[in-house]
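Presented below is the structure to which this report refers.
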């Protein structure tokens, strides 16, 4: 747990110990949550109005940061990732055009509505049940501003649950999910935490928010991961068979008969030679071009996505992994915007 998070919880315990009325605390928490949602709402409204005024966009990517790290089982550095990713997206060392020719400086292609103020909310003693609801509501506020579609910057992988939940609820049905990761993140409740970053896809599947879940890049999986995968009908593609599976994975067609495709990319799906700045270093992963081939060739309407688990505290001094995460965001943007 982060220092800020501990401080917030200790603050709340101190108030309780001094018999401060619970209603007073909850009222204050609600004001902070309302203020946080108002900022996201107004920024999304402004960006949506701009895109609609320019015209010509059927779908437009909008970044939403969720700097949450306390549900990580090892290191909590992903909480610091969103600003580092944004900085790398606009780094002067490269141009602003994606590989498929989309121009990121065009607001019809990419806008940004800012961050959910996770630590400020937790500092008020707000628990994870309410925090997850705030994240879901923030995603829905972006989606209300047609043609904006959310691309969420984590944060640890626990954020995928409230984001996917919001997308499915807003669209009125399940989606197909393409999940790239070294781990299946499908424990029932890792370390007794139902919101653990290692349990996000168990919550998603329990909620019925996905019809198909394809997990690619898996190379750290135990018996529970396989049992849970079978329980939920997950299609797990492990790295030990990637050479055999490559043709299928580079020619995916998803989303037909459901509300679209959701893509979740844990940066540790990549071999650490390409992305050392992650909390859980797991050798034997995908190359960066492997990932791009899968994304570029995917056929389907991508309605939302996330990039998670980049840990700036473990990155190289020249920000190599930040640039990798930014490139993933750029190419996902090209996949979403049209």
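Cβ atoms here come from the backbone N, Cα and C positions, even for glycine.
Of all the Cβ atoms in the protein chains shown, 29 others lie within 10 Å of the Cβ of residue 268 (Mn(2+) binding site). Residues or ranges marked as Mn(2+) binding site by TrEMBL: 157, 181, 183, 185, 266, 268.
Same-chain neighbours of the Mn(2+) site beyond 157, 181, 183, 185, 266, 268, judged by a C-beta within 8 angstroms of the site's C-beta center, are, in sequence order, 179, 182, 184, 197, 198, 269, 280, 308, 309. Around residue 157 (Mn(2+) binding site), a 10 Å sphere centred on its CB holds 27 further CB atoms from the protein chains shown.
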